[in-house]
Amino acid sequence: PQGIGSPSVYHAVIVIFLEFFAWGLLTAPTLVVLHETFPKHTFLMNGLIQGVKGLLSFLSAPLIGALSDVWGRKSFLLLTVFFTCAPIPLMKISPWWYFAVISVSGVFAVTFSVVFAYVADITQEHERSMAYGLVSATFAASLVTSPAIGAYLGRVYGDSLVVVLATAIALLDICFILVAVPESLPEKMRPASWGAPISWEQADPFASLKKVGQDSIVLLICITVFLSYLPEAGQYSSFFLYLRQIMGFSSESVAAFIAVLGILSIIAQTIVLSLLMRSIGNKNTILLGLGFQILQLAWYGFGSEPWMMWAAGAVAAMSSITFPAVSALVSRTADADQQGVVQGMITGIRGLCNGLGPALYGFIFYIFHVELNELPMPESSPGGSAVTQYHLQQNSIIPGPPFLFGACSVLLALLVALFIPEHTNLNVRSSNWKKHCGSHGHPHSPQAPGEAKEPLLQDTNV
């Protein structure tokens, strides 16, 4: 096969690292360009842009996964990375085109789905979870370092250099895929005909959601995931903009916040999660994570000082244990032949939230008149007191209304999760599911009983 060496997890790791390192560099410049392009209704437009991208990604992921089962992974790695990174050089050429292309690029913003399929092709069942963890850790590492580097280079040399550097890294990623990445799906493993294997059932993004009501326990789990992940998806899309413009964080402070939060989240999802699972059990770990999420969102909603955001960020890291604990609960309680069905439902709901959450947050900011049209740009203000005072004059009771709404949503999720039994046996009919699960993993490799088929992270979270 074309490429350097035989297919390995390290090929996938490098692809992921370069793509998200390039985007991480643009964290601070994107916030500035967003405010300059949409001085009125900034949060609303940001929510619409990210919402459209999330919905398009949700709709296209099954189709791209199914096509990669037929045409191979390398071509779709190239396609997804190219279109995901295509908006980067447009930031300085035309901001309007930049945000328009970001929205449309959601059709191909499914690199993780293809990467995890690539990893599934080349790993055995017992080593697949470790390989997925390595890919996810690489994703986190790229975002821990790159925003700080981008903020520093932008302050010293200007944002244009940051955009050029990000474009160069994206081109390096594309060249790496073309030259070095070998195809992971052997020709003999692909269907004989290119057209016949692709059916509507494989490409239907709602296929997993249609099975939600077939089991009461599955329904409770899916409602819990929806109510808890909807505010999380909205928070991802607007929180750094909120810190930068409303709370008065500098570019360096935002980058430091991302780095600290990323490191704490990695610790929480590894060491802390394993300790909690052993000591208090699976269900109680979920409830604890939801409790931390309620506290974090309420703190974000009522917080009016930068130190409050830092304190709430530490709580936010602890709240990141919720979804891994939910996935573990599903893996432990579902039969071996039901893993793809139930995990597919959960991932489908998360994908839907990635589209609905940002739009909902932007709309709530708009309703409560949280606007940026009169705010100065806090380039060097360490505490942002002037910005905070202005904002508190406009909205003294609830500085961040969407976060408070999110806390109420997670509270409902906590109440629903109380009714989920600790030990149960999920029973979801999966007669036609095997074709659909092929869109997320290798169709010829059986799934290990305790292992999720779905991507561990969503691209649109970035």
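Glycine is no exception: its Cβ is also placed from the backbone N, Cα and C atoms.
Where the annotation comes from TrEMBL, it is an automatic prediction and has not been curated.
Per TrEMBL, these features apply:
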| type | residues | note |
| --- | --- | --- |
| DOMAIN | 8-425 | domain 'Major facilitator superfamily (MFS) profile' |
| TRANSMEM | 12-35 | transmembrane segment |
| TRANSMEM | 47-68 | transmembrane segment |
| TRANSMEM | 75-91 | transmembrane segment |
| TRANSMEM | 97-119 | transmembrane segment |
| TRANSMEM | 131-154 | transmembrane segment |
| TRANSMEM | 160-181 | transmembrane segment |
| TRANSMEM | 217-234 | transmembrane segment |
| TRANSMEM | 254-277 | transmembrane segment |
| TRANSMEM | 284-302 | transmembrane segment |
| TRANSMEM | 308-330 | transmembrane segment |
| TRANSMEM | 351-368 | transmembrane segment |
| TRANSMEM | 403-420 | transmembrane segment |
| COMPBIAS | 433-443 | compositional bias 'Basic residues' |
| REGION | 433-462 | region 'Disordered' |
Interface-richest range of 12-35, 75-91, 403-420 toward the transmembrane segment (160-181), CB pairs under 8 Å: 12-35
Most Cβ pairs under 8 Å with the transmembrane segment (131-154), selected from 12-35, 217-234, 308-330, 351-368: 12-35
Within the predicted model, mean pLDDT of the domain 'Major facilitator superfamily (MFS) profile' (8-425): 79
Cβ contacts the transmembrane segment (351-368)/the transmembrane segment (254-277), at least three under 8 Å, sequence gap 6 or more: no
Paired segments the transmembrane segment (97-119) and the transmembrane segment (12-35) in contact, 3+ CB pairs under 8 A: yes
Top Cβ-contact partner of the transmembrane segment (217-234) among 12-35, 47-68, 254-277, 308-330, 403-420 (pairs under 8 Å): 403-420
Distant-in-sequence neighbours of the transmembrane segment (12-35), which means Cβ under 8 A and at least six residues beyond its ends: 42, 45-46, 77, 81, 84-85, 88, 91, 95, 98-99, 111-112, 115, 118-119, 134-135, 138-139, 141-143, 145-147, 149-151, 153-154, 159, 162-163, 165-167, 169-170, 172-173, 176-177, 180-181, 240-241, 244-245, 251, 254-255, 258, 372, 377, 462
